[in-house]
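The domain 'N-acetyltransferase' annotation in Swiss-Prot covers 2-146. Summarising the annotation, Swiss-Prot assigns acetyl-CoA binding site to Ile69, Ala70, Ile71, Asn108. The active site, proton acceptor annotation in Swiss-Prot covers Glu103. The annotation active site, proton donor is assigned in Swiss-Prot to Tyr114.
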Amino acid sequence: MSIISQIEACDFERLYEIEQQAHLVPWSFGTLKNNQGERYLNLKLIENNQIIGFAICQTVLDEATLFNIAILPTYQGCGFGKLLLGKLIFQLKEKGVQTLWLEVRESNSARFLYEKIGFNEVDIRKNYYPKPSGGRENAVVMACYL
């Protein structure tokens, strides 16, 4: 059974492990810890008593930005990202948020999940993300009107 709840201080070591495995260019431990506070709605996803994913989202007035979402690679493609995003959107609506923004690598297959949930492509940021092998990759800016 899946449980989704607020991220706690004791979760960061596990979140960092997931971050390192889930992203092409992962956040540092410091960046992960610094994206916390009263303006954030940060959730963890627990399956079989183990954290397998998380979402980092900042809220400002009636808008929110999804800064990071990560699901452990062995659990990707099983609906856990959709489950976590659904809970995040539900809680954002309860807070009066009207628009959820995100940006994603052009090559990231999560774009298709975002589109299914209701996100629309708003803009392209040319050469925004660095590639581990060198060079740059475009970012796709997306918005979901709640």
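The backbone N, Cα and C atoms fix where each Cβ goes, and this holds for glycine too.
Distance noted between the C-alpha atoms of Ala70 (acetyl-CoA binding site) and Glu103 (active site, proton acceptor) is 14 Å. Confidence across the domain 'N-acetyltransferase' (2-146), taken as the mean pLDDT and rounded to a whole number, stands at 95. A Cα-Cα distance of 10 Å separates the residue listed as 'active site, proton acceptor' from Tyr114 (active site, proton donor).
Taking the centre of the Cβ atoms of Ile69, Ala70, Ile71, Asn108 as the acetyl-CoA site, the nearby residues of that chain (Cβ within 8 Å, site residues left out) are Ala22, His23, Gly53, Asn68, Gln76, Gly81, Ala110.
Around Ile69 (acetyl-CoA binding site), taking its Cβ as the centre, 23 other Cβ atoms fall within 10 Å, counting all chains.
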